[in-house]
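Listed in TrEMBL for this protein:
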type: BINDING; residues: HIS291; note: heme binding site
type: DISULFID; residues: CYS49-CYS241; note: disulfide bond
type: DISULFID; residues: CYS159-CYS164; note: disulfide bond
type: DISULFID; residues: CYS198-CYS210; note: disulfide bond
type: DISULFID; residues: CYS359-CYS402; note: disulfide bond
type: CARBOHYD; residues: ASN197; note: N-linked glycosylation site
type: REPEAT; residues: 97-149; note: repeat 'Hemopexin'
type: REPEAT; residues: 150-195; note: repeat 'Hemopexin'
type: REPEAT; residues: 196-241; note: repeat 'Hemopexin'
type: REPEAT; residues: 303-350; note: repeat 'Hemopexin'
type: SIGNAL; residues: 1-18; note: signal peptide
Amino acid sequence: MKLIQMLILCLALSLSLASPSHHKEDHVQKDEPQGHQHELHHDAKLDRCGGMEFDAIAVNEEGIPYFFKGDHLFKGFHGQAELSNETFPELDDHHQLGHVDAAFRMHSEDSPEHHDHQFFFLDTKVFSYYKHKLEKDYPKDISELFPGIPDHLDAAVECPKPDCANDTIIFFKGDEIYHFDMKTKKVDEKEFKSMPNCTGAFRYMEHYYCFHGHQFSKFDPITGEVQGKYPKETRDYFMRCPHFGQKTTDEHIEREQCSRVHLDAITSDDDGSIYAFRGYHFLSITGDKFHSDTIESAFKELHSEVDAVFSYEGHLYMIKDNEVFVYKVGEPHTHLEGYPKPLKEVLGIEGPVDAAFVCADHHIAHIVKGQTVYDVDLKATPRVPVKEGSIAHLKKIDAAMCGPKGVTAVIGNHYYQFGSPMIMKMAKIMPEQHRVSQGLFGCDH
């Protein structure tokens, strides 16, 4: 009997010691100011290539998508996560941030005071930011700014004219869909039968995407109809993930043709074949034949992620950071002995560079660094860069190549065609823009 009483006493003592620790943990998570919570999560490393369900997605005024997960934020299609409060500190000041429920970037001619603002929804509140600064009198109740729209949303996306009849916001909560007309403030409840429940949504390159788990579907904002082969894997199209998934050759090609991640480099060789590089993968086009693989499989010394590539006299000059790798074009491509060499030694310029190209029957390498173009005579010894001019009329060039139609300058997901390097440098009127995935790679969706 005494033994039993002693065991009961020991059990009670152990529970009493465990209990305060448990309550303290709950207290820190629920009641402490959010800054303390961030201290707990600051060292957490989120890997979007491991597969994750984003809480919210919104594009900023520069067209860069923001992916929210918990109290963290991914900016763009690659790179590490950072704490959301580093960019939007007021989310913590006004609310104990667990996560952003929904987000969108406003596009509304009918509400100029809200146009180009980013809106974030947290529980019952809505925050409005313009150029990362919280607008006066925010946060507000969701019902004040968007009457008829419920709290605790799952996703939201803007639908400007003419995609929708009036500038509209589409809100998602479970299987309930709400169209909020910014002009009339009228709410129409919709039924999107062919769509899964969205945990995030955003409008990108004039298309509408519903994210669910680590997959996405492209949908019609009016009917909700999903057309084409969906769902697709987010890690294939909206982020750079090395060696992700086991895919057929056709799946690899389609992914690189239709990816929304911007190019790192592009070039056209002496035979007219095009090589496009993005993250850990590349796409080559010879005539009407496409081939896609990892960079490491064809250029193993380079491994991945190049800054610029140009073709000259049957060789590919591949620039990465402050080094130059040179490969003789062929099957397979042959890495030249003695390379990589310092960029300064090969081209007389310090890295990093943004793009590089050489036009056929010429021996001048045009090196783009920021908004300056340097010309390097490849037949000269030593090679000395000559500053040839500014391209301030162009935003940051991601990649460029020279071909039969002149210079192709790639900026984000679009490209511009210039008749010659000189025209590109001197142009005062921008030529028509084209989508990379469709115009260069023939993506049909």
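Note that Cβ sites are derived from N, Cα and C of the backbone, with glycine treated the same way.
No curator has checked TrEMBL annotations; they are predicted automatically.
Where TrEMBL records a feature, it is marked here on the structure.
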residue	record	contacts (Cβ under 8 Å, 6+ apart)
CYS159	disulfide bond	ASP167, THR168, ILE169, ILE170, HIS179, ARG203, TYR208, PRO221
CYS164	disulfide bond	HIS179, PRO221, ILE222
ASN197	N-linked glycosylation site	ASP154, PHE172, GLY174, ASP175, HIS212
CYS198	disulfide bond	ASP154, ALA155, PHE172, CYS210, PHE211, HIS212
CYS241	disulfide bond	ARG48, CYS49, ARG235, GLY279, TYR280
HIS291	heme binding site	ILE253, LEU283, SER284, ILE285
CYS359	disulfide bond	HIS366, CYS402, VAL407, SER420, PRO421
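Remark: of the disulfide-bonded residues CYS49, CYS210, CYS402, the most isolated position is CYS49 (fewest other Cβ atoms within 10 Å of its Cβ).
The helix, strand and coil residue counts that DSSP assigns across the repeat 'Hemopexin' (97-149) are 4 helix, 19 strand, 30 coil. Each residue in the repeat 'Hemopexin' (196-241) gets a DSSP state, and the totals come to 4 helix, 19 strand, 23 coil. Averaged across the repeat 'Hemopexin' (97-149), pLDDT for the predicted model comes to 89.
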